[in-house]
């Protein structure tokens, strides 16, 4: 373990300890998540998902940051993506039960369903959101990642010119995006993971989804490292 690893581990332990020792921390967390759902989602995704990408860089390249990586613009993008994800959760968690109601499965309050029915409802929401919203979200995230790298990984660089969406999409490796990201991570990881997400109370869903992003990022980094070593 290098000095940077020790520092990161120390910061993580310090944050966890501070949360554990803060009186009524969970109550405060729930209150903030309820009263400021989009602002809190911005912070959760900006911090956790950016940290996950830093861990991925550490696994694949041996460092947590490097010139052009763009921690700050990545955090900014992840924050706004987090707000979009929160909005999508609200839309799909309300829309899918309404759609199922039109087919004859009328649910007044999904939280009052028996465990098996809640699990089925969560699965239906997860399948719907991952087959419709997720591909667009993943493609947009790929576009912003490329824009960050192309503009030097700085906030001024990020806003220095419009995002060349058409050019980035033209240069995108669609075989990789479809063959792995869409075809494998969505059915094998995201649908099961988001089924669990939609079993949780709404105020825990965003932070859990952000943690899922960290976990998947670490898995993908190890997979890339193993592939490059083969």
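Every residue, even glycine, has its Cβ placed from backbone N, Cα and C.
Features as listed in TrEMBL:
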TRANSMEM  6-26  transmembrane segment
TRANSMEM  38-57  transmembrane segment
TRANSMEM  77-107  transmembrane segment
TRANSMEM  119-140  transmembrane segment
TRANSMEM  203-225  transmembrane segment
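Tertiary proximity for the transmembrane segment (119-140) is limited to same-chain residues at least six positions away from its ends with a CB under 8 Å from its CB atoms, namely 81, 84-85, 88-89, 92-93, 96-97, 100, 107, 110, 113, 169, 172, 177, 181-182, 186, 190-192, 194-199. Listed as Cβ neighbours of the transmembrane segment (203-225) (distance under 8 Å, sequence separation of 6 or more from its ends, same chain) are residues 29-30, 33-34, 37, 40-41, 44-45, 47-49, 51-53, 55-57, 59-60, 82, 85-86, 89, 185, 189-190, 193-194, 196-197. Only sequence-distant pairs (6 or more apart) were considered; of these, at least three Cβ pairs between the transmembrane segment (38-57) and the transmembrane segment (77-107) are under 8 A, so the stretches are in contact.
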